[in-house]
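To start, the structure under review is shown below, and the notes come after it.
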Amino acid sequence: MSKGGKKGGTSRYGALLGKEMLELARSMKLVWVPLVFVALGIMQPVSIYYMPLILEHGGNLPEGTVIEMPMPLPSEVMSGTLSQFGVIGILVLVLVYMGVVSGERSSGTASLILVKPVSIMAYLGSKLTAMLLLALLSLLCGYLAAWYYTDLLIGKFAFGEFLGSFLLYGLWLAFAMAATLLFSTILRSSAGAAACVLVLLALLSIAANLAPHFAGWLPGALNSYAAQAANSTIEYTDVFVWVIVCTVLLIAGAYALSCTLLRNSATID
Amino acid sequence: MNDELAISKLIPIIAPFLVIQLILMVIAITLCIKAEATRGPKPMWILIIIFVNIVGPVAFLIAGRRNER
């Protein structure tokens, strides 16, 4: 199925992207995925602020217990929010997109689209763009909500730190989305693809924490760089540049590899 | 939970979550009713969507429908 030349690729890409965005709006993903991130983003500052009250009324503490809890710094709350996004947020995004290619192949939609003169690069490119847009929009909404509540309840958080940590974390989410696209192309089963992506992401971030000398240049390090950017303790070293370059290359590589794989395999199951 | 003071203090905590839960619930119920095929009976999903906070609607939206188009 290597139909479709390079000619008119951009216009087809535009049409396909329009279809993807329409699909996002129609399935309400454009609304509910950002809302989940907003809930996660609110949860962190609110639960930290009200923790003494919650413990007082919810926990089975004996009468007269006095709980002294230092209020954490705004930057700690914001980096805590990012780690919330890293667990539940990425889980939701990966589960939403686990069948992005494999689902369309098994339902026959992919073969319907690819018999038209549409290049595989435009087809997968439109999907990847829609995935990145949804991921970044959700992250922006959630992180803005977290910023608002942190500002309201805990303290000021500077815009520079917000932007820096947002961009670094957005790159990590973009990597997660590219990996989802790749595994959804490799595997027929969407659940298997989701499991592979989640294991890969977990391994990368654990490796970057445990063995920074060996895995410090891999995308997994973006997690801790984003947290450092929130804490404004980030150092722009050579390794930092390597992490960025490596992640961008891996995203491009995942896209190219999925194009090759889809071209060389039958689109009809 | 034992006195009114606690409840008035708890309202600002839960208000944003109530709003989000409500929007998610409306979206999930609309899509559930419209869906041609769900995994498992529809009434079960509607009960889950209504009674499980935030996680219920999200669970339906991710895993509830057999084919999305």
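Positions of Cβ are set from backbone N, Cα and C atoms, glycine also.
Feature annotation from TrEMBL assigns transmembrane segment to B:13-33 (among others). Long-range contacts of the transmembrane segment (B:13-33) within the same chain: residues 42, 45-46, 49-50, 53-54, 56-58, 60-61, 64-65, each at least 6 residues beyond the stretch ends and with a Cβ under 8 Å from a Cβ of the stretch.
Taken from TrEMBL, the feature domain 'Cardiolipin synthase N-terminal' covers B:23-65.
Within its own chain, the transmembrane segment (B:45-63) is flanked in space by residues 17, 20-21, 24-25, 27-29, 31-32, 38-39, which lie at least six positions past its ends and keep a Cβ under 8 Å from the stretch. Here TrEMBL flags B:45-63 (among others) as transmembrane segment.
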